[in-house]
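Participant: Take this structure first; my questions come after.
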């Protein structure tokens with residue numbers, strides 16, 4: 001079965017001009033995707049929107065999440081990005097098909113790359129997926145995995161986002177919740193982290209599951225997919241690496257503190273108000 005690809009043909013690279021790519025999530029979780037994209041496409045400029053004022057998305061109606069995604073995508077278009085990555089599983093499930101039809105630039109989500117990676121990794125055909133209530137209730141992962149002939153165990157882990165956003169990934173609370181969420185799991189050989197916040201909890205998840213389960217994060221798969229699609233190559237006319245501009249709708253200090261947990265993602269951090277997203281002027285991205 002060929003997996004669908006929601007992305008028009010990206011514009012050709014212009015020598016000496018940095019790619020400008022927009023990435024967004026409900027909070028800091030999408031930084032796991034941004035970090036992988038930075039490694040894969042170091043010469044690109046990135047604008048990252050962390051919608052921490054409205055986190056978590058997973059507890060909200062899908063129609064509301066789709067509205068948030070449209071608002072942020074429109075803002076990123078006004079920032080002159082040439083591609084957008086929806087670095088949020090809940091928003092991908094709620095909005096990606098519509099965004100792909102509506103936007104004049106390529107747009108990628110995080111579900112299809114994760115499904116593809118799990119399909120290639122599983123030896124037994126028994127795969128698990130964990131995510132927010134919204135992502136799991138949508139059935140987006142389950143339908144795609146089952147269409148590929150895999151047996152699927154799905155579990156919503158709503159408190160995991162809270163642990164990451166509150167910088168509690170190494171706490172006893174995290175250990176107890178992880179054991180609780182996986183207590184009744186069947187035999188699986190592959191687990192998809194179906195929320196971009198969850199890779200921060202990967203060490204404790206792997207410790208709980210043991211070495212027989214291959215834990216899949218879609219971050220690197222997304223980065224590879226986007227790099228291949230835009231034809232990213234090293235440009236000798238572009239010295240050094242590109243810049244990152246973080247735009248945060250909630251508490252900037254809390255965002256910076258929690259983002260340090262993920263590490264490897266630098267750049268300027270600025271506040272931006274949800275109410276004025278549509279009015280924002282294009283912002284510079286500095287290396």
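Cβ from N, Cα, C; glycine included.
Positions annotated as active site, proton donor/acceptor by TrEMBL: 88, 195. Taken from TrEMBL, the feature substrate binding site applies to 25, 26, 57, 58, 89, 90, 196, 197.
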Participant: Applying a 10 Å Cβ distance cut-off over all chains shown, what neighbour count does residue 57 (substrate binding site) have?
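Facilitator: Around residue 57 (substrate binding site), other Cβ atoms within 10 Å: 28.
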Participant: Once the chains shown are all counted, how many other Cβ atoms turn up within 10 Å of the Cβ of residue 25 (substrate binding site)?
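Facilitator: For residue 25 (substrate binding site), the count of other Cβ atoms within 10 Å is 30.
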Participant: Report, in whole Å, the straight Cα-to-Cα distance of residue 195 (active site, proton donor/acceptor) from residue 89 (substrate binding site).
Facilitator: 5
Participant: Near the substrate site, what residues other than 25, 26, 57, 58, 89, 90, 196, 197 in the same chain have a C-beta no further than 8 Å from the centroid of the listed C-beta atoms?
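Facilitator: Other same-chain residues near the substrate site: 27, 29, 30, 55, 56, 88, 91, 132, 135, 161, 195.
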Participant: What does the structure give for the C-alpha distance between residue 90 (substrate binding site) and residue 195 (active site, proton donor/acceptor)? Integer Å is fine.
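Facilitator: Residue 90 (substrate binding site) and residue 195 (active site, proton donor/acceptor) have their Cα atoms 8 Å apart.
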Participant: How far apart, in Å, are the two Cα atoms that lie farthest from each other among 25, 26, 57, 58, 89, 90, 196, 197, the residues recorded as binding substrate?
Facilitator: 12
Participant: If I restrict to non-local contacts, at least six residues apart, and a C-beta distance under 8 angstroms, what lies near residue 196 (substrate binding site) in its own chain?
Facilitator: 25, 29, 30, 31, 32, 33, 87, 88, 89, 110, 218, 219
Participant: Three states by DSSP: which one describes residue 25 (substrate binding site)?
Facilitator: strand
Participant: From the Cα of residue 195 (active site, proton donor/acceptor) across to the Cα of residue 26 (substrate binding site), what is the distance in angstrom?
Facilitator: 11
Participant: Under 8 Å between C-beta atoms and at least six apart in sequence, can you list the same-chain neighbours of residue 195 (active site, proton donor/acceptor), or say none if there are none?
Facilitator: 29, 58, 88, 89, 90, 130, 131, 132, 135, 157, 160, 161
Participant: Is it possible to get the count of other C-beta atoms within 10 angstroms of the C-beta of residue 58 (substrate binding site)?
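Facilitator: The answer is 26 other Cβ atoms.
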Participant: Does anything in the same chain, at least 6 positions from residue 197 (substrate binding site), have a Cβ under 8 Å from its Cβ, and if so what?
Facilitator: 27, 28, 29, 32, 160, 161, 164, 165
Participant: Which number gives the other C-beta atoms within 10 angstroms of the C-beta of residue 90 (substrate binding site), all protein chains shown included?
Facilitator: 34
